[in-house]
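As recorded in TrEMBL:
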- 86-326: domain 'G-protein coupled receptors family 1 profile' (DOMAIN)
- 72-94: transmembrane segment (TRANSMEM)
- 106-132: transmembrane segment (TRANSMEM)
- 138-159: transmembrane segment (TRANSMEM)
- 180-204: transmembrane segment (TRANSMEM)
- 224-243: transmembrane segment (TRANSMEM)
- 278-300: transmembrane segment (TRANSMEM)
- 306-328: transmembrane segment (TRANSMEM)
Amino acid sequence: MNLSATSLNDSGVVDAAAVAVEGAATAAASDTTRWLPPGSAVLGNGANGSLELSSQLPAGSSGMLLSAINPWDVMLCVSGTVIAGENALVVAIISSTPALRTPMFVLVGSLATADLLAGCGLILNFVFQYVIPSETVSLLTVGFLVSSFTASVSSLLAITVDRYLSLYNALTYYSERTLLCVHLMLAVTWGVSLCLGLLPVLGWNCLADRASCSVVRPLTRSHVALLSTSFFVVFAIMLHLYARICKVVCRHAHQIALQQHFLAPPHYVATRKGVSTLAIVLGTFGASWLPFAIYCVVGSHEYPSVYTYATLLPATYNSMINPIIYAYRNQEIQRSMWLLFCGCFQSKVHFRSRSPSDV
């Protein structure tokens, strides 16, 4: 009898220990996956897995939802909110000011519209990921984001082409032919962007084949490779055009110096400012998008998703910086902001009219 009781006692101790070990393992697993996106566990890679744009959260209490929210997704949502606010103001100013109808401002408006849509897309992605989980909605959201960011990068290329043409064809820049060329560039920009965004929705995705997923699910590796290659081509064209613009600016400054027998300080300052602005434009664009584009080519869906977040978040900052570089620095837009917010224009504040070639 004592032996039986002792056996039962030992068995109870062993069971209790097993339960404690299992509970500790569960807690550790929960703590490990707490900072991962809500679909990483579905891939079966634990801490590894591509960035999920669709939520797999089970129906539960709001506390479970809050504990499963990824801080990286929160930062992307905050970034999208700032982007949407900045660019909505630019779109409102350009659309409400009849004087801002020149080709340069039409292209800046296209850039602001694309960045505005990208910011809204980041917000919608956060909402749909945690509130309305659905693979169909996920495809629509990622297609919307691809179209918006593609239109943003393409609009930057169109602005570069416009600046190049304004320098090399200064006498005929304000003709109807230039406006037609701008409208043609915008049609190509938004048409290509829409097509690239529709590809995941039309079936070019990895929902049926997880092995073909890229670092950003549900985009396939081939689709991401196409987007990255397109970015590299756009960046190379921008580098070439801005290099030629820089040469023209320096040549003009040299001609002025020969005419005046020396390089006057104002012309020297203007030339240095123009070259430094070109460096800021290209440096900001490259620093924002190059890490993500390179990682999309060399990365795998088996890599930790934190790498994707760490390269994608700076890419969104480009849409946050664009209105500062291309809109808020422009004195015509500054004057329109005075009129919009103050309701009057103080003539004491001097605004110099800027040409399209001002960089």
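Each position is counted from 1, following the chain as shown.
Glycine residues also receive a Cβ, built from the backbone N, Cα and C atoms like all the rest.
For the transmembrane segment (138-159), the residues of the chain that approach it from at least six positions outside its boundaries are 53-55, 104, 107-108, 110-111, 113-115, 117-118, 121-122, 124-125, 128-129, 182, 185-186, 188-190, 192-194, 196-201, 205, 207, 216, 218-219, 227, 230-231, 234, 237-238, 285, 289, 315, 318-319, 322, 326, judged by C-beta separation under 8 angstroms. Sequence-distant contacts of the transmembrane segment (72-94), counting only residues of its own chain at least 6 positions beyond either end whose CB sits under 8 Å from a CB of the stretch, comprise 37, 100, 105, 108-109, 112-113, 115-116, 118-123, 125-126, 129-130, 306, 309, 312-313, 316-317, 319-320, 322-324, 327-328, 333, 336-337, 340. Same-chain residues lying 6+ beyond the ends of the transmembrane segment (106-132) with a Cβ under 8 Å from its Cβ atoms: 38, 52-55, 57, 65, 68-69, 73-74, 76-77, 79-88, 90-91, 94-95, 100, 138, 141-142, 144-145, 147-149, 151-152, 154-156, 158-159, 162, 182-183, 185-186, 189-190, 193, 316, 319, 322-323, 326-327, 330. Within the same chain, residues 146, 150, 153-154, 156-157, 160-161, 163-164, 196, 214-216, 278, 281-282, 285-286, 289-290, 293-294, 296-297 sit at least 6 positions outside the transmembrane segment (224-243) and bring their C-beta atoms closer than 8 Å to a C-beta of that stretch.
Per-residue confidence over the domain 'G-protein coupled receptors family 1 profile' (86-326) averages 87 (mean pLDDT, predicted model).
Same-chain neighbours of the transmembrane segment (278-300): 153, 156, 214-216, 224-225, 227-228, 231-232, 235, 238-239, 242, 245-246, 307-308, 311-312, 314-315, 317-318, 321, 325, 359, counting only residues six or more beyond its ends whose CB sits under 8 Å from a CB of the stretch.
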